[in-house]
Amino acid sequence: MGKSSKDKRDAYYRLAKEQGWRARSAFKLLQLDEEFNLFEGVTRVVDLCAAPGSWSQVLSRILIKGESFGRSAWEDRFARDRMAAFGLPSPPEEPAETPQLKPRKDVKIVSIDLQPMSPLEGITTLKADITHPSTIPLLLKALDEDYDPSSPSAAQPVDLVISDGAPDVTGLHDLDIYVQSQLLWAALNLALCVLKPGGKFVAKIFRANEVDLLYAQLRVMFARVHVSKPRSSRASSIEAFVVCEGFQPPPGFKASLENPLGPKSVPAKLEPQAPLRTVREDGVTVLDLGDEEDGRWIAPFLACGDLSAFDSDATYQLPKDRVTLDPVQPPTAPPYRRALEMRKAAGGAYGKTKGV
Amino acid sequence: MSSFLQIISSRTPVTALCLLDDLVVSADGPFLRIYHYETGQLLFWTNAFDDQTIHGIAHVAKLASGHVHLLIWGRSMLRLVILVPISKANTVPGPQDGLKIFLGQSTKAPGWILALAVNAGSGQSSGMNCDCTAHAAFLTAQNVLYTACPTDRAALLVHEVAAGPRCILYSANLIWDSSFSLLVAAGTAFGDIIVWSTAASPGSTACVHYILTGHEGSIFGLQISERLPLDMEGQKIARFLASCSDDRTIRIWLLREDPGLRAPGYEEGASGQYLEQTGFLSKNEKRKIDDLSSSLCVASAMGHASRIWGVRYINAASWLKTQSMKLLSIGEDATSQVWELDEKENGFALHHRASFAHHFGKNIWSVAVDSAANPRIVTGGADGAITARRLQTDQVEAPLSTLLATWSMESMLESADLFCQQTLNSFGKPAHFAAVSAPKNCKADFFRSYIFIQETALLMTTNEGLVLLFQEDETGFRRWSHIATLSDIAGYSVAAGVPQKPLAFLAGAEGAVYVFDMKGRTMMPVFRVGGKVAGLFVELVKTTEDVDTYGLVATLMGNSPPQHIILAHHRLSEDILVVRRVVLPLEPSVMVTSMTHGPTGRDQWSVFLGLRNGDALMFSHGGSEGVTQPYTIPRVHRGETITGLRWLSGKDSQDVLGWLVSVGRDGACAVNQIPQSGSNVLLVHKLTLSLGSNLEGLYISPKNELFVYGFHGTRFIFHNASLHRSIMTVESGGVHRVWTFKPNVTTDGGITGGRFAWTKASQFMIYTSQEANHRVIQPGGHGREIKACAIAPVVLSGSKLGPLIATGAEDTDIRLSSYDGTTFRCVSILRKHVTGIQSLKWSSDGRFLFSSGGFEEFFVWRLRSVPSVEVGVVRESACPMSNEKSDLRITSFAVEDISESKGKQDGDAMFLITMVYSNSTIRTFTYISSNSKGTWTLRATHRYTSACLTQCSYLSVDAGTSILLTAATDGHISLWSMSGITELKASPDVTEIEWLGTIRVHQSSVKAMSVVRLNRDNHLILSGGDDNALGLTHCVLHKTGSPGMSVLLIPRAHAAAITATALWLGVSSQMKFGLYAVSGSNDQRVRVWGISMDLERSDEHGVVLRKLGNGYTAVADVSSMALFPSCDSGPRRVEVLLSAPLSESVIFGPWLLA
């Protein structure tokens, strides 16, 4: 797909270029923030699997520069007007004037990835493996100059740990789901080591087979667990985000990467909720069938990004004279780059004999 | 699994394979299947895991009792499987005998199992305290090694042995170094390979020998070879390690035997620290690792177009003898490729040897290779197919498919004892042959034309006028013999034959047509046409006890029209007589390219000619009547050459005289139906095949299967169009050359291959294939994600197949399949869309299929029963686009038959079609199908917000007001009305659809929707959302005013997005209704719900919902669901078809409904 047709097919790809984001995924974090107020009172953040760095960029612009992003950054005005015409509730208009910059004090942001990442002002980047125990002292050191290696926990814990990491999907569903859950466990284990009580954890999750087991385990560590899908995340993708708030490790729990938590290592003891029928304000009857048995739990879903936000699945008409922008950051070199070059040099098919 | 749900049939990607003597053991989803290799017969299948896919099968042991022990695993589950053959007494065990399977207890391992190796020695010798016959070791994705030993009760005891450096692995391979130690190769996501070893007893320590760097992407496949001697003396012993990666390379590493060797950074023994990637390794150590790695990587090659998933040694043992061995790789590009590793003076090298593409779409996930002399290669793809072929590695057996021989002009003449002879008149030829001198200079001669007479015989003419016969006897001895030297074929000749009889016809520049009869090896002139013969077409028209009747069409150069000649061959006397000869009234400029005979009667003849301009003509003549003016069927293959024609008689049909089957250089196969009377020839079938445009001919087997052949790129391809698979491919070097082909027909009428002869660079070559180039053990389906499915509500008129299942996929194909209660069979593949299919729907009478995709593609397909192709399919029309460059997706549509004469088989039809688009627009058309042509009239349009619309359905369609229902990515459901839209007006205005109301049901996208009409005014709408919720919207239509909508929302109905739903009415009384619903989700669960509705209760308790069933499905991302039409009698059985990414379909049922 060319840049121009991608602009039409993917509103957020276009908006990211227009608003200077490294990747369209920046909007996912912004929309999660709009719904969950993630950054309220937050100054110390760890961004895991950060490359190419669009989430770090959001942190940098909001926490360090003090910018604020509202709905207007991704609102489709046409949709808003149409919704009003259909009598659908639409959110109040945001004030048009540019808000003042409100930089926060004592901001500390550490971004970790194995892939190289272009530096961002005010952010410490680490090239390290988040699954590895040796990463913890590296991270603690980066968070706190006076870190004492003899103490395994952070002197000044962090408020928020975020992770947008995903594997290169193979197409073998079970494997992709497994690798993604491993990334989530790795991120969670690291978060458990550095998060302060009451802290938040946001991570990409694949809503697929056995995801209810994952939810149940997260529920043991956090007071509130939601699964959320921002409007900027395509409906056709199985990705969603777990938003875990109110970190509350069980009594006696000791986090460590030497002995990480894994599936079913924490008994998920939850009081199952009984079926409940309620009538909502808008007249919709909601029938909650109650919790699952056998250690499964389905986290409540919360869509985020207002309905007047651009729809990542819709096709938009663009003005004829529109200039198609280049991406802010060119895509990183794929592992098969050399293969493509060699193939081109050999005239198409590596110069190999054709199949029989 | 819930008793409400039972999987009856399923086709999902084949994720594991194992070859066991004459058995193929395969896995798709949780199902373990056992096939007999030779016959392809399914002997047994079972559900081996409750709710997960099988990822590996390993052969453990074959006991003296004949019992076979296997270990299967998937994710972290492990299970022993025992096959027990039930052979009848005194017979050799074979596929006719049954098999029983015992499943051991499922055992959970502490992590995802990546690789497993069975210890060939006994478990006793390794010092482990268990009394099992054999035991296995496995490695998890966390790089931890375990052993598994079966206990008495076929459970498995798992012990942790040792942990390698900790990191997440993508692939691994392990081998028992001895019966008490193991060697492990582990591939990381970051392109490194860690080679380590350990003793097999619990609590051992890993020794890290190598960290191999060099691959530029994740390692997806590894295999360690047995120990091999690298020199003749057997002094240098080493193992090869083969690896493949995201970077598209296959690399071969040489691992020296040196137990003391440690990777830099690991000298002090493994501390379990894998330091390199965390940046702790010193620069010096890193350089040492890189240097060592590049010295150990002895060969590297690229071959696949995308990621490579696996690599296997085919015949590592041959290294000993030949210093070479073959390897096999499988990849994302759905090919398997053969490589040869050898060592010459200049070192090791990896050469590409062959590439096999026998799977559809993307991804071969599983492979099994045996170590026989000519090893069998079995592959399993994401298309659900299992294909197999033998690889020729030695020359002991004569290969079944091979280039038989190559001759130069000299070697051919030498073989015929003609070389350098001065005169040829000593052959005792009949008097009318002039004795001709042998060519003065044989080297100047060249191959002119040739034709197969039999499978083992071919008639050849040379430019100098020599006629030679090629023969191969039973022992494989091949020779040429001289038949004749004819002056009038010197410089120019054409040849023709019939597949059924050992006869060949030759004609040259002077108009004489000769016949060669293989029986007496005689060559005779039969008639003379007055001019140079441009084309000669011949067909066996009929055969009686002692006379074969042939029909020939000879076209002439210059200004003479073609002639149609009927010949009678009296088999007893061997006389060939001209029965009839007529000149066909045709303009000289018309180029005839193919021919077939139509209906013939007593002294009545008809013949069809296929032309270069794509038209087909029909002539008839008989008795004393002259030839009629031709009847033209225009543009059968657009403007492209018709290369093959066959007539299928309508036999005793009242209406249909017969069908004209054709192929042409537009790459399509077409069928025209010729009526008994009247002149309305009807195009009943036209589909493009996947072979490119150079189709050169067709063949209909005695079993009525359709075969086509032609060229694709530089290859000649013989293809079974009924089964959609290639039989034979020959690298011929291109299409513009002299060639001839004859299919192999077995005694039972099957086609197993063929012979292809061609000229390339002045060499004459014959390729023979005695069996198909691959066998299909399990037929597959789409090669990419299925996006939509629909089941025809009724059986197609005249068809013996059940209701057809239409599936549309990301590969842009639509497949029509039949389902016989156990398996799916693909009947046709409809290729016309250029984007992935979004939605499919049938007309209520099953005559029309509608499909939508991206770029505003909307097609109407017309279906009819047609012999040989089974289901005739024509793309009747495409909906006009709103603008030419549109890239809008038509995500859903609603169709209602509003024909006046609803249900008449060949009558006109009229449909009201409403489509919804990705830019939030709605458009309604009337579509009229008349005389196989479609007319579209835009009736109404509207625009919702800017949210992508995802669902569309009619609540009611009638002459007054029609009600439309839509849903979108914003989670809202809307109702619309259209007035007077079903009336037919001469020039109707385009009106705006009226909005009736919108209600929010879901938080985000509505991904599935089903509607049931309860009574005239009440409808129940079931919706599945991206928000994991199910919505039940009760909709009441009022005569005036806006409709009432009330919602019951069930949040957390599934753990993931709900992507497919079905809803149907079970029982009903006046105001009370019992309904059933099924929902499918990305959480791989299918749930059944019972719903009761009481219309008299207006409060929130009016609708009650209960969970009835909950089952696992291997269909990973269900995209669509369809209900089979219900049976009229017997126990109520509802079958539901699921279709989903990377899998064909699963059927659930039966459900007993109260």
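Using N, Cα and C of the backbone, Cβ positions are placed for all residues, glycine too.
Unlike curated records, TrEMBL annotations are generated automatically.
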Return the residue out of A:D159, A:D164, A:D168 that TrEMBL annotates for the same S-adenosyl-L-methionine site as A:G53, A:W55, A:D113, A:D129. A:D164
Can you filter A:G53, A:W55, A:D113, A:D129, A:D164, A:K204 (the recorded positions) down to those whose Cβ is less than 8 Å from some Cβ in chain B? A:D129
For the domain 'Ribosomal RNA methyltransferase FtsJ' (A:21-247), provide the mean pLDDT of the predicted model. 87
Structural state of A:W55 (S-adenosyl-L-methionine binding site), classified by DSSP into three states: helix
Have a look at the binding-site residues A:W55, A:D129, A:D164 and say which one has the shortest Cα distance to A:K204 (active site, proton acceptor). A:D164
Let me know the DSSP-derived helix, strand or coil state of A:D113 (S-adenosyl-L-methionine binding site), please. strand
Within 10 angstroms of the C-beta of A:K204 (active site, proton acceptor), what count of other C-beta atoms is obtained when all protein chains are considered? 21
Across every protein chain in view, the count of C-beta atoms other than its own within 10 A of the C-beta of A:W55 (S-adenosyl-L-methionine binding site) is 27
According to DSSP, does A:D164 (S-adenosyl-L-methionine binding site) fall in a helix, a strand, or coil? coil
For A:G53 (S-adenosyl-L-methionine binding site), nearby residues of its own chain (Cβ under 8 Å, 6 or more apart in sequence): A:R22, A:S111, A:M117, A:S118, A:L120, A:Q329
Extent of the S-adenosyl-L-methionine binding site in Å [max Cα distance among A:G53, A:W55, A:D113, A:D129, A:D164]: 18
Once the chains shown are all counted, how many other Cβ atoms turn up within 10 Å of the Cβ of A:D164 (S-adenosyl-L-methionine binding site)? 23
